[in-house]
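Features as listed in TrEMBL:
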type: COMPBIAS; residues: 279-304; note: compositional bias 'Polar residues'
type: DOMAIN; residues: 25-266; note: domain 'Rhodopsin'
type: REGION; residues: 279-328; note: region 'Disordered'
type: REGION; residues: 349-372; note: region 'Disordered'
type: TRANSMEM; residues: 6-29; note: transmembrane segment
type: TRANSMEM; residues: 41-67; note: transmembrane segment
type: TRANSMEM; residues: 87-110; note: transmembrane segment
type: TRANSMEM; residues: 122-145; note: transmembrane segment
type: TRANSMEM; residues: 165-192; note: transmembrane segment
type: TRANSMEM; residues: 204-226; note: transmembrane segment
type: TRANSMEM; residues: 238-263; note: transmembrane segment
Amino acid sequence: MGNQGGQISAVSWALAGLSSALVFARLYTRIWLISRPGWDDVFIVFSLLSALVCSALVEVGIGYGLGRHLIDIEDPSDRINAFKYTVIAPNFSIVSTTTGKISIVIFLMRLMGQAATQPRKWFLYILTVLSIILNVMCIVVLMGFCIPAERIWNQSVPGKCMSLQLQLVIGLIQASYNAFTDLALAIFPAFIYWTVQLPIKMKIGVLSVMSAGVFAAAATIVKCVLLKNLPDQQDITWAWAPITLWYSAEMYIIIICATLPTLRQFYLAILGRRYLDSSSGGNSGAYPNSHQRSSSIKLASRNTGGDRRRSRLSKPDDMLYTQDDSSSQHQILEANEIRKTTEVHVYESDVSESTASARRGMPPQVRSGSAV
């Protein structure tokens, strides 16, 4: 007598807890720390809620017998209910993965900022639209496999069902495309960061976090293999258990991958920026004030008569804001957009004309009636 239910529950709820904590940290960061919530945050919340509903339905199915052999489920009504929740739960998994990927796409669009070219935009648009179409089609086929739908899990109900082979083909197409989408979204950030001037350690760290979607693609590929062999299985509550395990892992991995890159400000709030800067390259030790987001300096020039006049470099409010290197990295990793940052250093010293002439090796010019 075997039971895979415990394994499914352990993996599903462990990832659910981690994902929930990360999404909460994300919302805290986006709403309270930087006060810039976006549509990607809305979609990731919807993705998490769908995933939690899916896990709850799976847990109910496990209570009825999902993960056990059919022969070990003695009560016929429990067999029907186990099969019922086995069929219903994946629909919420599909909704979760779809909205999670939409969140990632919105995040990438904002991340590109001014670096967003038309080919890159259209690639993400087409990728997203096709994903929505295929996933909606999969839900329709899954729940419309039989008319009425109750006949899917209760063969005693009169009605008719479509070909099982057709359902399998559509399911494999949808799962294969999802694997491709996971890989594409994991690799895409490399094209954005490749030309960005960042320390190599930081660049590798950012790409490593954002490329974690490869694990979601791996989970989807495993699910494809299991789906392909499903028609040969008569013991559905046992055969479907590994598929349940992998689609549960897939949806939570997508949520985690979509959330980690947005938590830089949360890390800074917990650990402190000086610690992070020193651990990533020691810049804070060399530049004691590198923790400041921006500095402002007034630009002015002095004429020979001693009056002050505005420099043509100054803005209308007579202030020029500059950003240090750590602030430039902050702009990028904060996922607002990629910006070009130019540093302007202005040094002003009170040097007399005679001193300046002496440095140039020229005799000082004496003017009558004026102080040098």
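Think of each number as a place in line: the chain as shown, counted from 1.
Cβ from N, Cα, C; glycine included.
Averaged across the domain 'Rhodopsin' (25-266), pLDDT for the predicted model comes to 84.
Among residues of the same chain six or more beyond the transmembrane segment (165-192), those with a C-beta under 8 A of the stretch's C-beta atoms are 94, 97, 101, 104-105, 108, 111-112, 115, 120, 123-124, 127, 130-131, 134-135, 137-138, 141-142, 145, 206-207, 210-214, 216-217, 220-221, 223-224, 227-228, 230-231, 250, 254, 257, 338. Below 8 angstroms of C-beta separation, residues 2, 4-5, 7-8, 11-12, 15-16, 18-19, 22-23, 25-26, 29-30, 40, 44, 47-48, 50-51, 54-55, 58, 61, 66-70, 86, 89-90, 93, 96-97, 100-101, 103-104, 107, 178, 182, 186, 206, 209-210, 212-213, 215-216, 219-220, 222-223, 226-227, 229-230, 333, 335 of the same chain, each at least six residues beyond the ends of the transmembrane segment (238-263), sit close to that stretch.
Sequence-remote contacts of a segment are chain residues at least 6 beyond its ends whose Cβ falls under 8 Å from one of its Cβ atoms, and for the transmembrane segment (122-145) they are 87-88, 90-91, 94-95, 97-98, 101-102, 105, 108-109, 152, 161-162, 166-167, 170-171, 173-174, 177-178, 181, 184-185, 188. Cβ atoms under 8 Å from those of the transmembrane segment (41-67) belong to residues 3-9, 12-13, 16, 19-20, 23, 26-27, 30-31, 73, 78-79, 81-82, 84-86, 88-90, 92-93, 95-97, 99-100, 102-103, 106, 237-238, 240-241, 244, 248, 251-252, 254-255, 258-259 of the same chain, restricted to positions at least 6 beyond its ends.
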